Amino acid sequence: MSAIDNLPPLREVIATHQLSARKSLGQNFLLDLNLTAKIARQAGDLTGCDVLEIGPGPGGLTRGLLSEGARKILAIEKDQRCLPALEDIAAAYPGRLEVINGDALEIDPLAHLTPPIRVAANLPYNVGTELLVRWLTPKEWPPFWQSLTLMFQREVAERIVAQPGSKAYGRLAILAQWRAEARIALSLPPGAFTPPPKVSSAVVHLTALPEPRYPADAAILSRVVAAAFNQRRKMLRASLKGVSPQIEDHLNAAGIPPTERAEQVSVEDFCALARSLEKG
């Protein structure tokens, strides 16, 4: 039995249920319970908090989160093969784990969880970025979550915390740093996973700010930033031409030289541009 709980080691679990990670679902399983406990601790004190977990797989992180004191976990798993392993965990922690077989993009966490809510997940690589952008761009702020503790490929993690002027700086950095404090909390080598991915991974911890750093409409900012970085080597007057016929006027109003390139523009200045566009 595991030291974390009275459940079998994860290698035994995946053997019993004949589980193997599927590339089509972006899966890589974490089977070291000491490591999943360490990741769970990055989410902070979970006592009195509900937790949303996406893609729990055989439940390694789930077990870590429960042992760290999560009040209740909503685990959304698309892969039906993993459900029996998760139901075993639910039986060991009565009333504290709800498992839904479905797509995280289609499920409202607030229908199942009670604030305060934290999100912790070894995100499937094929939906991780889309989920993060969605969590960072709701119309209303603060969001349903207090914090996000998320596993990404190292390259994606570096894009979230990147600063202007760096190659990694782009849409993710701007949206994350506009409304949250973001830091890389933990690095993991490929060998931590089964099967080992070709690249290293990292855990990013984001804490929601009470209000955005600068005023801006989320939808407008998101559209502007996406257009600007879609052609990041072009001058903004060219890359943003499709956003507004008067884009040079809006850039000047925001104090941004129209000849500037996207990677040189700060979060504050992108927000000023979004406000100018909103005024029309």
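Here the Cβ of each residue, glycine as well, is placed from N, Cα and C on the backbone.
Here the structure is a predicted model, which means the values were calculated and not measured.
Among the features that Swiss-Prot reports, S-adenosyl-L-methionine binding site is placed at Asn28, Leu30, Gly55, Glu77, Asp103, Asn122.
Of all the binding-site residues listed here (Glu77, Asp103), the one with the fewest other CB atoms within 10 A of its own CB is Asp103. Of all Cβ atoms in the protein chains displayed, 27 besides its own lie within 10 Å of the Cβ of Asn122 (S-adenosyl-L-methionine binding site).
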